[in-house]
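Structure first, commentary second.
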Amino acid sequence: MFVSVPATSANLGPGFDTLGLAVDLRNEIIIKPSKFLSISTHGEGSDNPKIKKNTLFLSIFNENYKRLTGRTDNFRFEFHNRIPISRGLGSSSAVIVAALSAAYTTAGVRYNKREILNQALRYEHHPDNITPAVMGGFNVACVEGDRVYSKKRRLPDYLNAVVVVPNRTISTAKSRTVLPKMYRKEETVYSLSRAAYMTALFMSESWDLLRIASKDKLHQARRMKMMPELFEVQKTALKHGAVMSTLSGSGSTFFNLVYEKDAQKIHSALQSRFPQFRVFTLALDNNGVMVKS
Ligand SMILES: Nc1ncnc2c1ncn2[C@@H]1O[C@H](COP(=O)(O)OP(=O)(O)OP(=O)(O)O)[C@@H](O)[C@H]1O
Ligand SMILES: N[C@@H](CCO)C(=O)O
């Protein structure tokens, strides 16, 4: 069996814990029945003993395979990782969504993507990465009880993402602790109004107003202070024509939405200004998780 799951960029500025989209940078996992448990890891994280063990994937896969079949069986897992780890591109959501999709498929249980999404919420309690990882495209999502309610909009192929991946990680858990417990009404209204406006702009494909809609006062600047070069990354991307430029998830990656025709110019400007960081130009993804049994 083959599972492929995309990277995601959450928040998109003001849409804290609610907005996210998928990009075409995929982790792939090959799973085969085996007499013994065996794991091989290639690509991102393959030099890190903790990532190589992939306890996150295995614990979710085993728990759900047992829940669905009542059995524990052995498999061979081959992980091909392309999503940078702990960089704000939804690496943990990708693992969770892949593990659940793999467990349902190997168990031979029929499922739909909504089921995977609701199960994924048990492992990641905000829906802004798991929703596009499952569905692809741009998504607005909220949680009521133990369910995710979400709406997807497909993304056009004349837009690209230029992502700047710093050489240092920011863990989501740590990056949430730098945020205040309470917000002033003005900051809340500033971001809430832009998140609503941004959703309308994505739904109506009005890209040129995203520069205004993508501003935020809830989390970005507070988090970017942990890596001050990011202010310069944002300035450089906007100066060279990015449609919007936002901290990806909890950081450290910066996500820049660009017209395909401008992608190379923006990519080169960012790479030459920040040679120590990795820059990728990526298509946007409308498929979400894909499984071939
Ligand atoms: N390919 C992988 N293999 C094994 N474990 C992984 C893998 N990708 C992510 N993880 C686990 O997820 C953790 C990273 O989660 P974290 O939420 O901090 O980052 P992220 O998901 O990349 O960022 P964000 O949620 O802001 O987009 C890693 O420390 C590791 O435990
Ligand atoms: N909405 C989440 C995304 C990262 O997982 C955050 O900003 O903390």
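Any Cβ shown, glycine's included, is placed from N, Cα and C.
Please treat TrEMBL annotations as automatic predictions, because they have not gone through curation.
What TrEMBL lists as domain 'GHMP kinase N-terminal' is 66-137.
What TrEMBL records for Pro84, Ile85, Ser86, Arg87, Gly88, Leu89, Gly90, Ser91, Ser92, Ser93, Ala94 is ATP binding site. In the three-state DSSP scheme, Ser92 (ATP binding site) is classed as helix.
Under DSSP, residues within the domain 'GHMP kinase C-terminal' (205-275) fall into helix, strand and coil as 37 helix, 10 strand, 24 coil. Residues annotated as domain 'GHMP kinase C-terminal' in TrEMBL: 205-275.
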Given the binding-site residues Pro84, Gly90, Ser92, return the subset with CB under 6 A from an atom of ligand 1, ordered by sequence, or none if empty.
Gly90, Ser92
Does Gly88 (ATP binding site) have same-chain partners at least 6 apart in sequence with Cβ under 8 Å from its own Cβ, and which are they?
Ser9, Ala10, Ile170, Thr172, Leu247, Ser248, Gly249, Ser250, Gly251, Ser252, Thr253, Phe255
Sequence gap of 6 or more, C-beta under 8 Å: which same-chain residues meet both conditions with respect to Gly90 (ATP binding site)?
Ala7, Thr8, Ser9, Ala10, Gly20, Ile83, Asn129, Pro132, Ala133, Gly249
